[in-house]
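> Please see the structure below; I have some questions.
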Ligand code: G4P
Ligand code: NA
Ligand code: NA
């Protein structure tokens, strides 16, 4: 997506050699027109698959997952970040470490919204090490749902997340791949 690459070059800033600030596009502000384009692109890439649900993790994955779900005409489910100590016996929970925040969080999805008859498309904003993604993939497996694949807006391909998930045999479609942030420069993969 050339439009997305242009916007990243214009609006992103390099925080460290492995973290890119994307607040203007993904993590603090959302451009509805650009986000709908992203959703249509994911829907196009998975058009031949009969998706019954789109799934993401709150919070920054929600706008693009919504755009995808709207285009496909299916519901969107977002995994919650558990903040309560009250156990929900009907919830599927996984503990995931967070790369940027340096903390561990629990994500959860109620079994009510993810069932063995679902074929799900997992949409997310950024993939780094893939810990959050692996947690949600485990939840999808434990629900007995089928995973059609992952749609990622920005894959940092110099980190292992996307590659290791593909090595598990899961389809991963990224709108842009960033090969490096070295030397204060954003280098896209060709
Ligand atoms: P992953 O499993 O999704 O690959 O990510 P990882 O655990 O490594 O990182 C956890 C959080 O850090 C995720 O956000 C992810 O989007 C974010 N992140 C990783 N690398 C970058 C980066 O270079 N830039 C930015 N802006 N974010 C990055 P999250 O905890 O799910 O939070 P939220 O944004 O969805 O609320
Ligand atoms: Na994020
Ligand atoms: Na996210």
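Note that the numbers count up from 1, one per residue, in the order the chain is shown.
Cβ coordinates come from backbone N, Cα and C, glycine included.
Curation does not apply to TrEMBL; its annotations are automatic.
Below, the features straight out of TrEMBL:
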BINDING   20, 27, 156  xanthine binding site
DOMAIN    49-156  domain 'Phosphoribosyltransferase'
BINDING   128, 129, 130, 131, 132  5-phospho-alpha-D-ribose 1-diphosphate binding site
> Specify the nearest of the binding-site residues 20, 27, 156 to residue 128 (5-phospho-alpha-D-ribose 1-diphosphate binding site), where nearness means the distance between Cα atoms.
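Closest candidate to residue 128 (5-phospho-alpha-D-ribose 1-diphosphate binding site), judged by Cα separation, is 156.
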> Hey, for the xanthine site built from 20, 27, 156, who else sits with CB inside 8 A of the CB center?
12, 19, 21, 22, 26, 126, 128, 154, 178
> Whole-number Å distance between the CA of residue 27 (xanthine binding site) and the CA of residue 132 (5-phospho-alpha-D-ribose 1-diphosphate binding site)?
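Here the two Cα atoms lie 16 Å apart.
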> Given the binding-site residues 20, 128, 129, 130, 131, and counting only Cβ atoms in the protein chains shown, which has the most within 10 Å of its Cβ?
130
> On the three-state reduction of DSSP, what should I expect for residue 156 (xanthine binding site)?
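It is in a strand.
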> If you draw a 10 Å sphere on the Cβ of residue 156 (xanthine binding site), how many other Cβ atoms land inside?
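Taking all protein chains shown, residue 156 (xanthine binding site) has 25 Cβ neighbours within 10 Å.
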> Counting across all protein chains present, how many other Cβ atoms fall within 10 Å of the Cβ of residue 27 (xanthine binding site)?
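Counting Cβ neighbours of residue 27 (xanthine binding site) within 10 Å gives 14.
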> Rounded to whole angstrom, what's the largest C-alpha distance between any two of 20, 27, 156, listed as binding xanthine?
16
> Compile a sequence-ordered list of residues in the same chain as residue 132 (5-phospho-alpha-D-ribose 1-diphosphate binding site), six or more apart from it, whose Cβ lies below 8 A from its Cβ; state 'none' when nothing qualifies.
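Within the chain, residue 132 (5-phospho-alpha-D-ribose 1-diphosphate binding site) has Cβ neighbours under 8 Å at 57, 96, 98, 107, 124.
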> Between the Cα atoms of residue 129 (5-phospho-alpha-D-ribose 1-diphosphate binding site) and residue 20 (xanthine binding site), what distance do you get, rounded to the nearest Å?
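Between the Cα atoms of residue 129 (5-phospho-alpha-D-ribose 1-diphosphate binding site) and residue 20 (xanthine binding site), the distance comes to 14 Å.
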> C-alpha of residue 131 (5-phospho-alpha-D-ribose 1-diphosphate binding site) to C-alpha of residue 20 (xanthine binding site): distance in Å?
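Taking the Cα atoms only, residue 131 (5-phospho-alpha-D-ribose 1-diphosphate binding site) lies 18 Å from residue 20 (xanthine binding site).
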> On the 0 to 100 pLDDT scale, where does the domain 'Phosphoribosyltransferase' (49-156) sit on average?
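Taking every residue of the domain 'Phosphoribosyltransferase' (49-156) together, the mean pLDDT is 94.
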> Does DSSP put residue 130 (5-phospho-alpha-D-ribose 1-diphosphate binding site) in a helix, in a strand, or in coil?
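For residue 130 (5-phospho-alpha-D-ribose 1-diphosphate binding site) - judged by DSSP and reduced to three states - the answer is coil.
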> Rounded to an integer, what is the Cα-Cα distance in Å between residue 156 (xanthine binding site) and residue 130 (5-phospho-alpha-D-ribose 1-diphosphate binding site)?
10
